[in-house]
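What follows is a single structure, written as structure tokens, with notes after it.
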Amino acid sequence: MAEEDPGAAAPPHGCPGTSSAQAGRAAACQGCPNQGLCAGPAPAPDPAIEEIKEKMKTVKHKILVLSGKGGVGKSTFSAHLAHGLAEDETKQIALLDTDICGPSIPKIMGIEGEQVHQSGSGWSPVYVEENLCVMSVGFLLSGPDDAVIWRGPKKNGMIKQFLRDVDWGEIDYLIVDTPPGTSDEHLSIVQYLSSSHIDGAVIITTPQEISLQDVRKEINFCHKVKLPIIGVVENMSGFICPKCKIESQIFPPTTGGAEKMCQNLNISLLGKVPLDPQIGKSCDQGQSFFSEIPESPATSSYRNIIQRIQEYCGLHHSQEKLSNQGME
Amino acid sequence: MLKVQDKGVHQCDSGWVPVFVDQDKSISLMSIGFLLEKPDDAVVWRGPKKNALIKQFISDVTWGDLDFLIVDTPPGTSDEHISTVESLRPYKPLGAVLVTTPQAVSIGDVRRELTFCKKTGLRVIGIVENMSGFVCPHCLECTNLFSKGGGEELARHAGVPFLGCVPLDPQLTQSLEEGRDFIQEFPKSSAFPALAHIAQQILDRTSPQGS
């Protein structure tokens, strides 16, 4: 796993590197199965990147939601980040579900079974509220049992279409929910948005070491692809029994949880969200738990986290403006 | 989870030697975790490289004589799943165990997984409902954190066996964190009989007489 090329296995001894001028021409390249590939002209960048850049000019902020493990609450977070941001009626929010094989966003947002319409300017996303729209592969399937059995390239093609061919319009925040891991979907999103500026990534984890291990990999992924990290959210962090009000650690933070990890890696911890059975219930019913359980500690924790994300985006946006003005 | 994270894989004439978890060499294990230089290294690979590694794990590891090979997969119905099913097809896999949590959001994805099994001709041994209720250690009140009964209902709806529920159990999480043998150390835990029951059902349903 060489530093300069995250995807490559250990390169052969003396390899000049794929981006070197000597690529394919050095002595060490003799007999390498990739010599022809390296010696040939560098592949042209995908023209879609430029098209997506044009499309994304009307999208102010882009936030990726990532996790190492599955089932830690990524989609729940993405959906409620969207709900929370959309409470400001002057802002336009879009939520893009890039989990092609397990699209849960339509159910959580209460718009399962909706269809995407084609208009002159592209696919129209599905609107949950006037200022909140959603795009997911779930809208393109014929039913809840329909499986998307696709390998990487087809998933990448779909993600490209979502970014390029959807009629997003004027958007303040685009939230991109991803599947767990560091593979095709993540590389594609980062690559397709490489000219469009991503504000950063929010990484969701649970407190136990098994989950944190994968989060460290996710953080390394962000560093490698130069994706800024807005911060980490520790989800399912403790549970208060509704009967005796005593807190239990269902997923014990045996190594200090996300807090310790963030300290060690110098990353912000955006907050901890406790387990509340009402969260899962609200998601199953496709409702926002902000309105269902406004008094829950989970709700206030979520609100704090969302505020910190807004502040981060606002700050970086003004910094960027300043530096752009400086350049002109 | 099995406390072998620092072990390395050795190469022998006939292939990669898997890592043995216990003294008696009754469980052998293969994972990409053994091939990383540092435990936090990210494997940023697209599908084709992942597929190649899965094929190697099945064909180039000196598994020896095994009674059971258990393949743990990531979520979804994509590269890893297609490649695993394809590579194992010549060996006639017994079938798949589907794990879900009780809430509808999770059931939704497992419905698609069932379709994957049907389309690829993989028999479904059954469905397990995990994280099914949490008994407060202080007052013994059971809270269904992620709802309840979704797995059983799905099994009935899909006409496949329901293998059982596993409750949320901090002792189980703790023991996995420390890589201890849960079955040896926590025989009194509520998750223990549940797991034992499910294992027995899988044995029954996959034994030559049972199938």
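From the backbone N, Cα and C atoms, a Cβ is placed for every residue, glycine too.
In TrEMBL, the feature region 'Disordered' is placed on A:1-22, out of the ranges A:1-22, A:67-88, A:243-264. Put simply, A:Cys38 ([4Fe-4S] cluster 1 binding site) is 35 Å from A:Lys69 (ATP binding site) when counted between their Cα atoms. Here the binding-site residues are A:Cys29, A:Cys38, A:Gly73, and none sits under 8 angstroms from chain B, going by CB atoms. If you measure from the Cα atom of A:Cys15 ([4Fe-4S] cluster 1 binding site) to that of A:Cys241 ([4Fe-4S] cluster 2 binding site), you get 59 Å. Among the listed binding-site residues, namely A:Lys69, A:Lys74, the Cβ with the most fellow Cβ atoms inside 10 Å is that of A:Lys74. Fewest Cβ neighbours within 10 Å among the binding-site residues A:Cys29, A:Cys38, A:Val72, A:Cys244: that distinction goes to A:Cys244.
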